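Database features, via Swiss-Prot:
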REGION    1-93  region 'Disordered'
COMPBIAS  7-26  compositional bias 'Low complexity'
COMPBIAS  28-44  compositional bias 'Basic and acidic residues'
REGION    35-46  region 'Interaction with COP1'
MOD_RES   S36  phosphoserine
COMPBIAS  58-75  compositional bias 'Polar residues'
DOMAIN    88-151  domain 'bZIP'
REGION    90-110  region 'Basic motif'
REGION    116-144  region 'Leucine-zipper'
REGION    149-168  region 'Disordered'
Amino acid sequence: MQEQATSSLAASSLPSSSERSSSSAPHLEIKEGIESDEEIRRVPEFGGEAVGKETSGRESGSATGQERTQATVGESQRKRGRTPAEKENKRLKRLLRNRVSAQQARERKKAYLSELENRVKDLENKNSELEERLSTLQNENQMLRHILKNTTGNKRGGGGGSNADASL
């Protein structure tokens, strides 16, 4: 009776032949959940070969452990050590970008200075026009004051001026 229970338990935990042939994904999920001690201890080398007896069935998918390690090694080499030619090329590109940027900055500065010079000329012209107008208005004001002084003086001095003084 116990033998039947254990055999039915074993049969229920293992996938049927139809499940195995229909798709490899459920088979991989089951294999990933159960790892043997050998699979846990195995560490891939940087050369791309796995240490241990054989690669397991779960690595036979689209990206194997070797491909993964080679991809990470390739990325780390690309990031870490650049060849002298790459370094020189990168330096030359940086210098060229810097040269172009400096030239653009010089051109912007030149345009800004010419704009400022034009503005200075315009303001100087406006200032001279305003100074001329001020001078004209001051002369006109002084002339009007003089006329006002003469007209008020004539009225006072003419005949009504003595009466105005006598009444006080």
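Positions of Cβ are set from backbone N, Cα and C atoms, glycine also.
Same-chain neighbours of the region 'Leucine-zipper' (116-144): none, counting only residues six or more beyond its ends whose CB sits under 8 Å from a CB of the stretch. Note on the domain 'bZIP' (88-151): DSSP counts are 64 helix, 0 strand, 0 coil. Predicted-model confidence for the region 'Leucine-zipper' (116-144) is 98, expressed as mean pLDDT.
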